[in-house]
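Chemist: As annotated in TrEMBL:
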- 195-218: transmembrane segment (TRANSMEM)
- 263-288: transmembrane segment (TRANSMEM)
- 300-322: transmembrane segment (TRANSMEM)
- 334-358: transmembrane segment (TRANSMEM)
- 364-386: transmembrane segment (TRANSMEM)
- 421-443: transmembrane segment (TRANSMEM)
- 455-481: transmembrane segment (TRANSMEM)
- 493-513: transmembrane segment (TRANSMEM)
- 525-547: transmembrane segment (TRANSMEM)
Amino acid sequence: MVKERVNWYQDKEEVVLWMNTVGPYHNRQETYKYFSLPFCVGSKKSISHYHETLGEALQGVELEFSGLDIKFKDDVMQTTYCEIDLDKAKRDAFVYAIKNHYWYQMYIDDLPIWGIVGEADENGEDYYLWTYKKLEIGYNGNRIVDVNLTSEGKVKLVPNTKIQMSYSVKWKKSDVKFEDRFDKYLDPSFFQHRIHWFSIFNSFMMVIFLVGLVSMILMRTLRKDYARYSKEEEMDDMDRDLGDEYGWKQVHGDVFRPSSHPLIFSSLIGSGCQIFAVSLIVIVVAMIEDLYTERGSMLSTAIFVYAATSPVNGYFGGSLYARQGGRRWIKQMFIGAFLIPAMVCGTAFFINFIAIYYHASRAIPFGTMVAVCCICFFVILPLNLVGTILGRNLSGQPNFPCRVNAVPRPIPEKKWFMEPAVIVCLGGILPFGSIFIEMYFIFTSFWAYKIYYVYGFMMLVLVILCIVTVCVTIVCTYFLLNAEDYRWQWTSFLSAASTAIYVYMYSFYYYFFKTKMYGLFQTSFYFGYMAVFSTALGIMCGAIGYMGTSAFVRKIYTNVKID
């Protein structure tokens, strides 16, 4: 069994070169096993391939032993390690890979190395395979800190010939510290570009402007409203009947009426609160720990944190459902617990069929599926139950500042731009505007060969998104209530959640203008997982918008005197 992540070596100790995957350069997500191409294996005895973590298994990491004999600080001159008997089928496989710009990935001591399979001549008639892997490994003390690969030995692909594959290893001392060995893979000129700084500054200024504007408008308008309502209190009944009564006070008997479809609404709010908690914790962990230095660690961390934060979902969803008078709390708990996992697993299951059809390494193994299902049933569900019971008992009592009328008040006609549907469509524009530059960097790190590491920026953008979302939904809700429409719960949720629609529309622009993806596998993978990402973001924004608006609505109706 291979030594796992120890990273210390004695002289002449074995160093394993793992072959991972091969796939088109223009889509790093479409990957296949390295030996799915007719490469040959070195003579050294094979070590069985394995998945180290759940995150690696889900990300399609397929580590297979190269068979190359590499020993610590032991130089190897150019040595032939195997021979490919190139028949027509093997040649066709290599030609297809070269035409589609296939790259392969390898690992030495957890350090990734990329190499190109081959290249075509200018006319596209002859195809050449790189047959010589020239490895240069840097060491500091008894640890490996740097690996470079040079592909040489260009050989023309001619059917029914033999192609010899060779390698060499050169060891050199390096001053790079072990802690800094991943710095060469980062791209500061891309992520810390002036445009990135400018976009953050721009969003921050928008927040200050928006918060100031919202505060000024609401403070002044609400002060006038309070003055008018207190003046009305002093009138006698005859004057009040003749007075022009309008505004948000008139719906005080209906504003705390339960939302329509309270079961699904409370489940969405609970799920949104959980996604926000997961985002916050994962970003903080990523800021403290360099998660990009270990394969699959970001995904493993996200799954673990999602499972651990299930009580948050149960608490907020369960307490809201109880306050709205819901009786079927067990059904609500199940829907809340499985809403996000079902969406993610359903999409992954669909894409998995396509991956299996293409024999891609992205096809999730059956054992991994079982592990994910076990996490859902034996970790997420029980913790959700605990959260639901706590939520119902601690904050499940309806303590509204206004009594709810027995008969709903009719909603008067209003101008077209005050309709909930219009408010919902317009509500997501500003939150999207505050994050769309960051979306470009996040998309590029996921769909291209960039490692995202500026999590301080991401944290700042998350804070900006929350503030903008809350400000926008409060303003939308104030206008809605002023038009004497008390259906604010779904409106506040959906106007914030509509950010997801704009993010998904932006993903179409990114696909067609910023990537060179093609084919069923790449397209379905891209749009499937972008739909999951956008929906999760929308549910999170919706929950943030609703929570902020709920506090605002409670505050204004607490401060006004109601008959």
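Keep in mind that glycine also has a Cβ here, set from the backbone N, Cα and C atoms.
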Chemist: May I ask for the residues of the chain that lie six or more residues beyond the transmembrane segment (195-218) and have a Cβ under 8 Å from a Cβ within it?
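Modeler: For the transmembrane segment (195-218), the far contacts come to 430, 433-435, 437-438, 441, 454, 457, 460-461, 464, 467-468, 471-472, 474-475, 478.
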Chemist: Give residue numbers and ranges for long-range contacts of the transmembrane segment (334-358): same chain, 6 or more residues beyond its ends, CB-CB under 8 A.
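Modeler: Distant contacts of the transmembrane segment (334-358): 30, 32, 263-264, 266-268, 270-271, 274-275, 306, 310, 313-314, 317-318, 364, 372, 376, 380-381, 384, 388, 520-521, 524-525, 528-529, 531-532, 535-536, 539.
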Chemist: Determine which recorded stretch among 263-288, 300-322, 364-386, 493-513, 525-547 has the most C-beta pairs below 8 angstroms with the transmembrane segment (421-443).
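Modeler: The stretch with the most close Cβ contacts to the transmembrane segment (421-443) is 493-513.
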Chemist: Counting CB pairs under 8 Å, which listed stretch among 263-288, 300-322, 364-386, 455-481 touches the transmembrane segment (525-547) the most?
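Modeler: Top-ranked stretch among 263-288, 300-322, 364-386, 455-481: 263-288.
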Chemist: With pairs fewer than 6 apart in sequence excluded, do the transmembrane segment (300-322) and the transmembrane segment (455-481) have three or more C-beta pairs that lie under 8 Å?
Modeler: no
Chemist: Cβ under 8 Å to the transmembrane segment (300-322), counting only same-chain residues 6 or more beyond its ends: which ones?
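Modeler: Here the qualifying positions are 53-56, 262-263, 265-267, 269-271, 273-274, 277-278, 281-282, 285-286, 291, 329, 332-333, 336-337, 340, 372, 375, 379-381, 383-392, 394-397, 543.
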